[in-house]
Amino acid sequence: MAAATSINAVPCSAGRPKRRSQRRGASTVAVRASGDASTVTLLDYGAGNVRSVRNAIRHLGFGIRDVRSPEDILAADRLVFPGVGAFGSAMDVLTRSGMADALREYIRRDRPFLGICLGLQLLFDSSEENGPISGLGVIPGVVRRFDSSKGLIVPHIGWNALEITKDTQLLKGAEGHHVYFVHSYHALPSDENKEWISSVCNYGESFISSISMGNIQAVQFHPEKSGATGLSILKNFLSPNTSGSKVPSRRKASNLAKRVIACLDVRSNDSGDLVVTKGDQYDVRDHSSSKEVRNLGKPVDLASQYYIDGADEVSFLNITGFRDFPLGDLPMLEVLRCASEKVFVPLTVGGGIRDFTDANGRYYSSLEVASEYFRSGADKISIGSDAVFAAEAYLQTGVKTGKSSLEQISRVYGNQAVVVSIDPRRVYVKNPEEVQFKTVKVSNKGPLGEEYAWYQCTVSGGRDSRPIGAYELAKAVEELGAGEILLNCIDCDGQGCGFDIDLVKMVSDAVTIPVIASSGAGTVEHFSEVFEKTNASAALAAGIFHRKEVPISAVKEHLVDAGVEVRV
């Protein structure tokens, strides 16, 4: 795989350490600092968004020394290993570089170690992910996939509760709070590994969410994306002799929470400034005589405020990305970099993620485009038009070529890192027999009294209709490797009349991956309605948050009163 072109940008804050860009999968980086009490060693083997961990560590006042060789691991005073991506790919890199043996020896010496997500899974004997594949063999057990055959939504994405089983410094202050998980594979408790377990989490069954033995710690969740609670957990590891701050919670976490997501549609206005805007059925220009792009604020400022207000995720949509070359969009990449320094919940970015040839004839794969977004701070990427074309080809031939952007990115970064954004428009019909696509009996009849409708998908920001329905598209992209679906509705966009419940229910019942309901939120009641009437895992809104018509805190309070589990 070719390395993505490195793009330099002005730092968001002074004093940021400089580092050279590195090829994905390489085990060397450029920065080396002297070890001291305020420095932590980071093992970054180049497989995803480790920028978030870096930012969290720096936010807590610590410097970072990057691993360049196995010897750097053995010399570390404290080692953080934020594993990202596929189990087999990670073990391959670690083994070829000699770092697997160094990790085993470092852990054998009982040196301070914190593994995150895959950094926990790799400690086990083996994994069934594209395997079996041998792990580091530190902890007895096999890493297995969640079973979706019984109706469980996989990947496990979102904020879930910990059941703490061992008193450890790392998890002090975390009990009763939600933390952020995003994974398809998990390790199960057993008699052989029970002495390692410090907490478990329930998702269909009880799985290991953290381990602790001496100075060896690891967590399945992402503390760097778990807000104030996660930062407190990281601080407990980085400063073990100081008491971690307990984050106040109004309501004790008990299980997987429904997510409330703030979405920022970002584009250049007519003056060339990058602004957050909002469409009315995808039209972002004012209806006044000026016809200017609606300017609802600065992207980083709004994202930071939504994080403070309690948004569970923040999503950026580069709404001119389908026209422009995304790697040439330096301001958008800088928005991601700056937002990731202030926002410690998941960041998703979409717009223009596809194969591209620039004006000089240089070809860029969609994987290179996505890689640059990940390096700039994105945790997930959202694919729109390109996923539609891939799904159409798959449904016509029944063949997975492995060449689509969806398949490539999912294979390298894991399906939990890939969101497919569906932009359908309602088409009423009198009889389901009239069309070859899945129809639903609608709650509100059409203009001619039609009782049924199908949802025709569009591309290019809703401009062009395609011969495929939302139901068929959702089923196809799940097969091709999507880990989540962002389900919009052009008819409801900007109307404030509520989510299209018929559409959301149809799609969320049809797939076994999480579905995010989008388009139409106007009141707090619309959020409880979509969670009570459909299987949506999350609900997204934009305009009502930007215009301060409905605060995020009001949505959360209403959902609590309605008996819906949320992170508060």
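Count begins at 1; order follows the chain as displayed.
Just so you know, glycine gets a Cβ as well, placed from its N, Cα and C.
TrEMBL does not curate its annotations; it predicts them automatically.
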*State the residue range annotated as region 'Disordered' by TrEMBL; the candidates are 1-28, 225-252, 281-308.*
1-28
*Looking at the recorded positions Cys117, Asp265, Gly352, Asp423, Asn488, whose Cα is closest in space to that of Glu224 (active site, for GATase activity)?*
Cys117
*Gly352 (substrate binding site) to Asp265 (active site) - Cα separation in whole Å*: 13
*For Asp265 (active site), the one of Cys117, His222, Asp423 that lies nearest, given that the active-site residues are compared by Cα*: Asp423
*Please tell me which one of the recorded positions listed here (Cys117, Asp423, Asn488) sits closest to His222 (active site, for GATase activity), measuring Cα to Cα?*
Cys117
*In the chain carrying Cys117 (active site, for GATase activity), residues 6 or more apart in sequence that have Cβ under 8 angstroms from it*: Pro82, Gly83, Val84, Val182, His183, Val219, Gln220, Phe221, His222
*What is the number of other Cβ atoms found within 10 Å of the Cβ of Asn488 (substrate binding site)?*
29
_Other CB atoms within 10 A, centred on Glu224 (active site, for GATase activity)_ = 30
*So what pLDDT does the domain 'Glutamine amidotransferase' (42-238) average out to?*
95
